[in-house]
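Asker: The structure follows.
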């Protein structure tokens, strides 16, 4: 028989909703399935996916709360008289953030309704290439059929299953943003940027925070090793930049336990958690107690319950991610995938949205435009933010050879740090260019306040094939941090002191 | 002969030799720069790199109120730097209010102390003045704190604070004397009013302030004064931010109005009288309508004039050496190599006719000029698509054409304007305005929808605009913009 819908999207996150809404614009019959399996701690949330509920949005808001804490300190230098001591109350912040997120959930539901997209709050799984069935919370079974299906179920945080007590006593980012009470003394254990961002804002709001890391920060980003060189996220192998970011965090108050491997987590009578770990450098076993242990050891694609084997959708055996081609098509005709679930793509909201929209335009709008994953800019919202676009220095060397690239760099001091006597040691910008005639810019990296705002426009320039001479012809805006990019003159090769001095 | 000349160091001898046209190799200096501001210092330091003998003359004539400052020019002392720092102080006041919604707790009443802020700002400026003197010394540029004026084709008379005069000769000169605030020419203006030259070092809180003018200086100052908790009124003769995109200018004005700044439109002051002495005292301002006969009066602690700036070109002896200036404006016309009508005399910075009054432009022009003079370079300063930012409470960044100018130049049917309001994520939790931030781009339909104008109103507008300016330099088109992925969640992704 005929399929009920033109398009069924499984997963109501950034990619899924963008695809669904775009398809609806073409007058198509569209349905969206969204379901949140509660975390081991029981946390759950509404429509919108990771970004809205347990990702970008609450993360940036809590990062802002931490930045405001610094602003309070700065303000005194600028003449504001504030009574000491200043307190932070987690529940006030959490409520503000959670209320905003809920308004977004609501907004998404209204949008789907306005665009006549049918929304099912069910957990779907494939019965055949055009049929998905699922159970509502009440236990009622629903069957949906569609000509085209897009899988956009995203990912969920991984638990280190081999560590005793990890699952029972630890939380993840899925839980952190929904805590009603303060996490207290926290130990985020990490490899990814998620952990640094969380550790950063937890420290910023006054919590005793320790980060435990196996090796070098911002390295071993699991997905990176499976990405083609072309799609490599710029910050994954950024040794220098990662060091600067973590150095700043250390001076800011976050504790780091480097080269330590957690062994077990036990609950104490006081309800606190006792963590035991192996210190690889000293070859000793150490222990300490915390109020909260948060795992940020990677995210896994949410494909297990989809029953992909039944329809033959191929996944990468190591990562579990769905393999797609340039047009987001899976190994099964009429089944597509977008977002964090796809192999070899950056795990970012804007790329998922763009890919979802373009897919809908190709399916229903006679477009043939493919998604361009090249030069995707991104930002890590640590206390001192890190924004980048294009190739890392290491990747550029790997691609072109160190003789063929030139790296311009500078240590600068944001004007606003002067009066507030803030340490700007790690404020840094570097640009990686080809050395040959045109000197095309391969990558730009910036550590400092508002890194995202700074990098965005330059990402456009790089998309236009910007060259070093063109950037040098661009007049700076004074006084800003971004102007430092237009003032880059010292190369790493020269060995000269790259500290900016005065106007 | 230069050596012997040096050892003498007798002004009288110099005069004798310079009575006739001196021989090139008997000049005291290769280059004398008059004005130690952004443009002048950049040029001087660059020339020193090529081992040229350079002198910088810098002198600050005190304001009518007696304010003065050190080496570095307008930007460092009474412009960009103190302005941005005080703007930051105001932003921090807003941050304090936001922070409560993000869980921070402290006393309800928060007050601002003007003296604490001003001292910190002045200390920082002092360090910059010092830094410049050290740099000049290290790069072997001779610096004199003296007022320079031409007395002959290759001769400058330098008069220091004590009135002692010295004469110096050079092969080439760069005039970079910048500008100073204009006064109204009404009774009481010089006696009782202050300007931006005084504001940043004012040794007392200005209190209830009337800002006269609608320039970016007026709006920026009014903005931060209000942000610090002061009662501020802006008196505007006609439109806001003349020369800027008016759509954006009006939005800036609206925002300021909604955030505590009063505006008196279409009035000009006709006299200022002192009601009470003090620091601050009380002043009475009488103003007349520009559209009728209505007269109004008001009392303020401080009256800040920000009606424009005039170039310092009328009293530096330009007539003696035949350098043309625009008689009406005082600005110096130059060719595209910053050369005046007198071949060996150049000019950079705010005094140039038809160029933007911005620090980075002056620096760029100064450096490139010197490279052309002494390093065989040919690159000229690119004045096209220079980005700028107005640091009003809601910041405004722009690059390229305003909507009006684009329509005028290309025709309304040939341009497309894409626009959007946006709500910065950081404003959601504290429930700040959700429809004030705004961005628009103007595209030339006939040229592949090339982006010819970029405008953004929102936090960190300068940081946002800088990169877009670089992209516009690279010939950005709408399609390329659409194909660029946004960084999430930041304002710039809009």
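Numbering starts at 1 and runs along the chain as displayed.
Quick reminder: no glycine exception, Cβ is built from N, Cα and C everywhere.
Those TrEMBL annotations? Automatic predictions, nothing curated.
Annotations per TrEMBL:
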type: REGION; residues: B:1-20; note: region 'Disordered'
type: DOMAIN; residues: B:29-366; note: domain 'FAD/NAD(P)-binding'
type: DISULFID; residues: B:75-B:80; note: disulfide bond
type: BINDING; residues: B:84, B:148, B:350; note: FAD binding site
type: BINDING; residues: B:213, B:214, B:215, B:216, B:217, B:218, B:219, B:220, B:308; note: NAD(+) binding site
type: ACT_SITE; residues: B:488; note: active site, proton acceptor
Asker: Cα of residue B:217 (NAD(+) binding site) to Cα of residue B:75 (disulfide bond): how many Å, rounded?
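Answerer: If we compare the Cα positions of residue B:217 (NAD(+) binding site) and residue B:75 (disulfide bond), the gap is 12 Å.
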Asker: Looking at the recorded positions B:75, B:80, B:148, B:488, which ones have a CB within reach of chain A, meaning under 8 Å Cβ to CB?
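Answerer: Of B:75, B:80, B:148, B:488, the entries that lie near chain A are B:75, B:80, B:488.
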Asker: Tell me which of the recorded positions B:75, B:80, B:350, B:488 ends up closest to residue B:219 (NAD(+) binding site) in space, Cα to Cα.
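Answerer: Its closest listed neighbour, by Cα, is B:80.
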Asker: Measuring Cα to Cα, how many Å separate residue B:80 (disulfide bond) from residue B:148 (FAD binding site)?
Answerer: 25
Asker: Over the span of the domain 'FAD/NAD(P)-binding' (B:29-366), how high is the average pLDDT in this prediction?
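Answerer: For the domain 'FAD/NAD(P)-binding' (B:29-366), the model's average pLDDT rounds to 96.
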Asker: Under a three-state reduction of DSSP output, how is residue B:213 (NAD(+) binding site) classified: helix, strand, or coil?
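Answerer: Note: residue B:213 (NAD(+) binding site) is coil by DSSP, not helix or strand.
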Asker: Can you figure out which of B:75, B:213, B:488 (the recorded positions) comes closest in space to residue B:350 (FAD binding site), comparing Cα atoms?
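Answerer: Nearest candidate: B:75.
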Asker: Measuring Cα to Cα, how many Å separate residue B:488 (active site, proton acceptor) from residue B:148 (FAD binding site)?
Answerer: 53
Asker: As a test of the contact definition, list every same-chain residue at least 6 positions from residue B:84 (FAD binding site) whose Cβ is closer than 8 Å to its Cβ.
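Answerer: Looking at Cβ-Cβ distances below 8 Å from residue B:84 (FAD binding site), excluding near sequence neighbours, one finds B:391.
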Asker: Mind giving me a neighbour count for residue B:213 (NAD(+) binding site)? Other Cβ atoms within 10 Å of its Cβ, every protein chain shown.
Answerer: 25
Asker: Looking at NAD(+) and its recorded binding residues B:213, B:214, B:215, B:216, B:217, B:218, B:219, B:220, B:308, figure out the farthest C-alpha pair and report it in angstrom, whole number.
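Answerer: The widest Cα-Cα gap among those binding residues is 13 Å.
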Asker: Measuring Cα to Cα, tell me the gap between residue B:215 (NAD(+) binding site) and residue B:75 (disulfide bond) in whole angstrom.
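Answerer: Taking the Cα atoms only, residue B:215 (NAD(+) binding site) lies 16 Å from residue B:75 (disulfide bond).
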Asker: Report the residues of the chain - excluding B:213, B:214, B:215, B:216, B:217, B:218, B:219, B:220, B:308 - with C-beta within 8 Å of the mean position of the site's C-beta atoms, for the recorded NAD(+) site, in sequence order.
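Answerer: The answer, listed by sequence position, is B:211, B:221, B:241, B:306, B:307.
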Asker: In whole Å, how far does the CA atom of residue B:308 (NAD(+) binding site) lie from that of residue B:148 (FAD binding site)?
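Answerer: About 24 Å separates the two Cα atoms.
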Asker: I'd like the number of other C-beta atoms within 10 A of the C-beta of residue B:217 (NAD(+) binding site), please.
Answerer: 23
